[in-house]
Amino acid sequence: MRALAKLAPEEGLTLVDRPVPEPGPGEILVRVEAASICGTDLHIWKWDAWARGRIRPPLVTGHEFSGVVEAVGPGVKRPQVGDHVSLESHVVCHACPACRTGNYHVCLNTKILGVDRDGGFAEYVVVPAENAWVNPKDLPFEVAAILEPFGNAVHTVYAGSGVSGKSVLITGAGPIGLMAAMVARASGAGPILVSDPNPYRLAFARPYADRLVNPLEEDLLEVVRRVTGSGVEVLLEFSGNEAAIHQGLMALIPGGEARILGIPSDPIRFDLAGELVMRGITAFGIAGRRLWQTWMQGTALVYSGRVDLSPLITHRLPLSRYREAFGLLASGQAVKVILDPKA
């Protein structure tokens, strides 16, 4: 089979030929039909400081994908051969204090597909059976491939007291920020403001936002106060940008909620008393997806048609054109890029 792998501690990935793996006890073999490139995959491609500290080549990359169950290992009762599945990328231990208290999304021993073990940029991949989410067979594979990152957006929007009837600021209009705008709109939030300095991506938020803000052209805090009269009740932070985090926190009304998924590339400084404590701000750190609550919430939105993820899929390319695909995403002129492992 063909697979896209990190073979050496250096920039880039390589298209390789490997034997089709066999599922062991509790595992399934998935025939991958669609895979999506994530920002994490770009870090692995670039071989930046994070990748150098985490990735151990050789490794087949990719953690956003969908496919069909081709075979099952001993002891597997579900899913069954022929099922259409999306994959939860976090493989958890079930034994640590986080898992034993139901917080599987912050398992202390998490292994991530395409990061810590072989992932889905391949024609076939073996995964734990418990990591498969079975979809209706009429759900397009390319949409099924991005249910995993969609779960990050759902987790962020529904954390804390939710967003229904509340004013919301979304900082960062990357794929997950755009997905969050969709979820917030479908969940009764309003007004919704979306801020991002990339005009291409910001435009994708137009159907779901009451106000778009390019912080390079407008004063974000001034716009927030003009639209809301005082500030927003909820901040959904996806950028990881230090300035955006500071502005987002100060855009909150006293007593507001900050839900932060974006990860800064370096440690940041902020005024704990002035930005958080004395204003009574409740902050939530968002990691992954709650298993399996987030999947149930997210698929309910997608299966019912309340959220349509397909407009975010801007490019579809064969796996053989992976260099072009990664270049598109790195350019900022794409949202979700889908790879077809069979082509």
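All positions are counted from 1 along the displayed chain.
Even glycines carry a Cβ here, placed using N, Cα and C.
According to Swiss-Prot, the residue from Ile176, Ile313 that belongs to the NAD(+) site alongside Asp196, Arg201, Leu261, Gly262, Ile263, Ile286, Ala287, Gly288 is Ile176. The candidate list Cys38, Cys107 contains one residue that Swiss-Prot assigns to the Zn(2+) 2 site with Cys93, Cys96, Cys99, namely Cys107. Taking the C-alpha atom of Gly262 (NAD(+) binding site) as reference, the shortest distance to any of the binding-site residues Cys38, His63, Glu64 belongs to Cys38. Taking His43, His63, Cys96, Cys99 as the recorded positions under consideration, the smallest Cα distance to Arg201 (NAD(+) binding site) is found for His43. Other residues of the same chain near the Zn(2+) 2 site, with their Cβ within 8 Å of the Cβ centroid of Cys93, Cys96, Cys99, Cys107, are Val92, His94, Ala95, Pro97, Ala98, Arg100, Tyr104, Leu108, Asn109, Thr110. The two recorded residues His43 (active site, charge relay system) and His63 (Zn(2+) 1 binding site) have their Cα atoms spaced 13 Å from each other. Taking the C-alpha atom of Cys96 (Zn(2+) 2 binding site) as reference, the shortest distance to any of the recorded positions Thr40, Glu64, Ile176, Ile286, Gly288 belongs to Gly288. Fewest Cβ neighbours within 10 Å among the recorded positions His43, His63, Arg201: that distinction goes to His43. The Cβ of Glu64 (Zn(2+) 1 binding site) lies under 8 Å from the Cβ of Ala35, Ser36, Ile37, Cys38, Ser89, Gly120, Ala145, Ile146, Glu148, Pro149, each of which sits 6+ residues away along the same chain.
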